[in-house]
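Below is one structure; the comments refer to it alone.
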Amino acid sequence: MSQSVCILGVTGSIGRSTLKILEQHPDQYSVFAVTGYTRIEELSEICKQYRPKCVVVPSIKVEELQQRLKAYQITEIEILTDEDGLIEVSKHPEVDVVMAAIVGAAGLLPTLAAVKAGKRVLLANKEALVMSGDIMLQAAQEHGAVLLPVDSEHNAIFQCLPQNYLQIERQGEPLLGVKQILLTASGGPFLNHTLEQLETVTPAQACKHPNWSMGQKISVDSATLMNKGLELIEACHLFSIKEQFVTVVVHPQSIIHSMVQYVDGSTLAQMGNPDMCTPIAHALAWPERIQTHVPPLDLFIHSQLDFQAPDIVRFPALKLARQAMQSGGLAPSILNAANEIAVAAFLQEKIAFLEITQVVEHTLNHVQNGSADSIEAILQTDQLARQVASQRITQLGS
Ligand code: NAD
Ligand code: MG
């Protein structure tokens with residue numbers, strides 16, 4: 001039977017890759033709803049091509065979207081607005097699968113709504129899980145949602161774990177013979193830069209990732225290694241494992257997408273060309289497999305695979321994320337909010353590259369940690385952390 005899909009963040013890099021796969025399997029999937037935030041022209045083209053039942057945009061963009069759809073003589077698509085609209089399509093009774101591909105905290109409530117509605121949720125929006133952790137996972141269990149990782153590393157880990165790993169009640173210790181998770185990192189565009197060189201790198205350089213083509217925010221996160229920090233927290237939640245069982249391994253070629261080590265000396269790795277269509281297709285079809293256009297790995301071309309330890313002196317974001325996970329509670333939300341603000345300021349050339357992590361550290365030191373026992377507490381702290389980070393950015397600029 002055909003599955004009806006809602007794509008949150010369809011105009012983004014993950015959203016577009018998702019469309020590419022759905023297009024290859026028209027008998028298996030249909031697009032029910034799509035959402036976009038800016039790029040209304042692109043969104044209207046997507047509407048023209050895929051004819052969803054609903055589309056969600058910010059209220060201020062409705063008129064522009066209506067005009068563009070009218071020009072295509074499309075009148076039957078329902079337009080919903082803002083966060084309420086995002087939540088409505090995420091939990092819509094006609095939706096089977098939700099691709100959570102909004103970037104940042106803005107995706108938290110819609111993703112949670114999909115989980116609470118018991119959908120199959122394909123999780124790209126790592127920030128939502130970093131913020132809500134146990135609340136999201138408990139909701140998935142309670143409402144029978146199937147939460148599948150799309151982040152390439154977590155998807156790889158999922159593929160390397162025993163089939164029943166996620167069904168077993170765990171409390172931080174690895175089970176079923178798992179010894180540790182090896183989370184791979186490309187090291188980003190500045191892997192071999194000195195601290196001095198890092199001082200003057202530009203947003204354009206930071207957004208030019210050597211292996212992956214991604215949205216701006218995650219590209220900068222990959223350059224600071226905060227992306228790996230967020231992924232460390234994501235892995236701890238997804239696989240109910242304490243942070244000391246997750247080791248980050250820099251692997252510049254991005255061919256091995258992560259590994260699981262077992263107590264008998266086995267190390268299982270998932271490999272493939274670096275293309276997000278593979279993990280997206282895996283999460284869409286799991287436990288089955290569907291075709292993608294991604295060519296099979298040619299090991300005679302990729303004959304050299306290198307590994308090294310991350311350098312936390314040049315890339316302190318990883319250390320901050322590990323500490324935030326150790327502290328627990330609201331610390332990961334503080335880290336995430338401050339990082340979102342700092343990355344935006346860097347992209348606008350208000351602060352320097354190395355100041356991104358300094359802003360995050362400052363914010364972690366100035367916002368009180370507490371228990372992350374409700375979404376309200378998380379959102380309140382998110383707002384507070386944004387204020388503190390913004391103030392710090394103003395200080396740095398004066
Ligand atoms: P992107 O910037 O290309 O796209 C983001 C999408 O979110 C766009 O459709 C945009 O319109 C929408 N959006 C942005 N702000 C919004 C807001 N305030 N409200 C509603 N919608 C909003 O980002 P991306 O690279 O596609 O990444 C999306 C998510 O997937 C991120 O959380 C990222 O960390 C994760 N992810 C991305 C990749 C990748 O290869 N791009 C890999 C792994 C994980
Ligand atoms: Mg990743």
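Glycine is treated like the rest: Cβ placed from N, Cα and C.
Just so you know, TrEMBL annotations never went through curation; they're auto-generated.
Under the heading domain '1-deoxy-D-xylulose 5-phosphate reductoisomerase N-terminal', TrEMBL lists 5-133.
Under DSSP, Thr11 (NADPH binding site) is assigned to coil, being neither helix nor strand in the three-state scheme. Listed in sequence order, the residues of the same chain lying 6 or more apart from Thr11 (NADPH binding site) and placing their CB within less than 8 Å of its CB are Gly36, Tyr37, Thr38, Arg39, Glu42, Leu43, Ile46. Summarising the annotation, TrEMBL assigns NADPH binding site to Thr11, Gly12, Ser13, Ile14, Asn125, Glu127, Gly215.
Residues or ranges marked as 1-deoxy-D-xylulose 5-phosphate binding site in TrEMBL: Lys126, Ser152, Glu153, Ser186, His209, Ser222, Asn227, Lys228, Glu231. All protein chains included, Glu153 (1-deoxy-D-xylulose 5-phosphate binding site) registers 28 other Cβ atoms within 10 Å of its own Cβ.
Taken from TrEMBL, the feature domain '1-deoxy-D-xylulose 5-phosphate reductoisomerase C-terminal' applies to 147-239.
The 10 Å shell around the Cβ of Asp151 (Mn(2+) binding site) contains 27 further Cβ atoms across the protein chains shown. Mapped onto three states, the DSSP output places Asp151 (Mn(2+) binding site) in coil. According to TrEMBL, the Mn(2+) binding site annotation covers Asp151, Glu153, Glu231.
The domain 'DXP reductoisomerase C-terminal' annotation in TrEMBL covers 271-387.
Considering only the binding-site residues Asn125, Glu127, His209, Glu231, the Cβ with the fewest other Cβ atoms within 10 Å is that of His209. Asp151, Glu153 are the binding-site residues among Thr11, Ile14, Asp151, Glu153 whose C-beta comes within less than 6 Å of an atom of ligand 2, given in sequence order. Most Cβ neighbours within 10 Å among the binding-site residues Ser13, Asn227: this distinction goes to Asn227.
Neighbours of Asn125 (NADPH binding site) among the binding-site residues Asp151, Glu153, His209, Asn227, defined as a Cα within 10 Å of its Cα, are Asp151. Cα-Cα distance from Glu127 (NADPH binding site) to Glu231 (1-deoxy-D-xylulose 5-phosphate binding site): 9 Å (rounded to the nearest whole number). With a 10 A radius on its CB, Ile14 (NADPH binding site) counts 28 other CB atoms from all the protein chains. Other residues of the same chain near the Mn(2+) site, with their Cβ within 8 Å of the Cβ centroid of Asp151, Glu153, Glu231, are Lys126, Pro149, Ser152, His154, Asn155, Leu183, Asn227, Lys228, Glu234, Ala235, Ser258.
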